[in-house]
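**Student:** Can you keep this structure in mind? I'll have questions shortly.
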């Protein structure tokens, strides 16, 4: 009796759940766009087709079917896209998220009794077995359609009306399994043992989040006179130059008032001269803070003219969002609870022991600062959005709380989904990836320090094939005001051309800091820093001086703009080149109508001769086939015969090659 009571107890309140569980025979797992169990949104690009995949399977041998459903968040109607079987229980659908917005995604899967019946009866018929009862089962399956439209209902009724028990079995089966019947049943047959997956978040960025070319400058150094502070009007005069190079994002270091307390002098000196402008990252003075403009740059009227002029030149302005304050920032006086104070009553300066940053004070995100500081920082971003800025490069986001970024980016993008955040986070891999998960549309990367063939292949393979490709988009900056790469310090003009080609063609997003075009690389001895860095002084640049590489930059950006193959970073593929100093890789559209092959000599000091592989198999061609080739550096056209070819790349004349491949029958 006790055992019976126990069994009854286990049923109490659980029968409904049991029945739901029993009905869920189709398993859905391994979803490619599911990030941490749906905790974070996968990133896609609005208007781009994306492959949505999942492992879907059932017990036994019955056929199954599946569909992806998606909708824009806040709307009622789902858009259904049927999935196709790939291999090994993997299913796929191609989905386009039309709007730059938050979306939702889910899956349905079910046992397909009609297809199961059709396959089984076909086998029995082929074996010469009687199928009379099976045909009756087929009639009942056809009669079971419940959601048929008028056309499908009429088709099913016609098939049933034409069927008769006195007819030949093969003819009856052919009628019940005709292509028209199969299509109708796919649309409207009952979905037996329907399994519904959880709803997953998706964020569809605008294209600039995945494909952009950045040019970084300090507005104060654009007067062409090292003795005169630049203005926004000076920047406006430089816009044609930036656009002529082919860039589409013009990124400014901070444009706010600079603190006077503990101001840094040239080369980060602690003893500035009276006319030293200080570091733009020491934000805030009696003239204002993060929502103010440095008075020597201009005012909001001139900034508005700059934004408008940039748009007219096909450029977007990106601003630096640096959450740090100079010791005389207004917030310190108005909100002392937002900062750390030492036992002696002095404010704590920014430190990374043993380094000290005497001209910078960090905010504290908790204690008395929560929630008011969080609101204030969000409102700073929204303030600049209203001024026409839709892209923000965020300084050192890895030193601020993940919950803050998740909340702040969500707040901003809920109102302005076209806003893009770039994480300047040279940090540990997992931290960098977490920032992508919490909302950053782009991230700085380790590209700056990946110089060898093996390093580049390993790193790029990780970024383009592992799960992080669905939430972290790298931006390959070849240099920054803070990083003067060792490779460039010792490689001369050839090295600048090499790293330009790699950054521009490997990445969907890439950037250059001004001075790159004239191969500026004078270092502070023994450091990855620029000597006479314009972080601490005004500079005047002669970008037309002998040895500049403007033509290379124009060419790279032209190839990026005019070839659809360049847009999707994840379509990067590496190929064989029998030389450890040569990197071979390709990008193509899915239909292979635009197929580019790249060879880059990574050695800036010596010519390299090598045998390389022509990826004929990508076009379904045998190893002895031929392809027509266009050299995108000079426009020459010729034919490669066979899978292996030879090439020499001399870093002094031609450190890289870009080929467009045309398979037989492709339009020229």
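Numbering starts at 1 and runs along the chain as it is shown here.
Backbone N, Cα and C atoms are what each Cβ position is placed from, and that goes for glycine too.
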**Student:** Return the residue out of 396, 484, 579 that Swiss-Prot annotates for the same alpha-maltose 1-phosphate site as 264, 324, 359, 535, 536.
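**Tutor:** Between 396, 484, 579, Swiss-Prot records just one in the alpha-maltose 1-phosphate site with 264, 324, 359, 535, 536, namely 396.
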**Student:** Of the ranges 211-236, 237-262, 263-288, 289-314, which one does Swiss-Prot list as region 'Disordered'?
**Tutor:** 263-288
**Student:** Which one, from the binding-site residues 264, 535, has the smallest tally of other C-beta atoms lying within 10 Å of its C-beta?
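**Tutor:** Relative to the other binding-site residues in 264, 535, 535 has the fewest Cβ atoms within 10 Å.
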**Student:** Whole number in angstrom, please: the longest C-alpha to C-alpha distance across 264, 324, 359, 396, 535, 536 for alpha-maltose 1-phosphate.
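**Tutor:** Greatest Cα-Cα span of the listed binding residues: 20 Å.
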**Student:** Give me the Cα-Cα distance between residue 396 (alpha-maltose 1-phosphate binding site) and residue 424 (active site, proton donor), rounded to a whole Å.
**Tutor:** 5
**Student:** Give me the long-range Cβ neighbours of residue 324 (alpha-maltose 1-phosphate binding site): same chain, 6+ apart, Cβ under 8 Å, in sequence order.
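**Tutor:** In sequence order, 281, 282, 283, 350, 360, 361, 362, 363, 395 meet the Cβ cut-off.
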**Student:** Would you list the DSSP helix, strand and coil counts for the residues of the region 'Disordered' (263-288)?
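**Tutor:** Breakdown, helix to coil: 3 helix, 5 strand, 18 coil.
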**Student:** Quick one, of the recorded positions 359, 424, which Cβ has the fewest other Cβ within 10 Å?
**Tutor:** 424
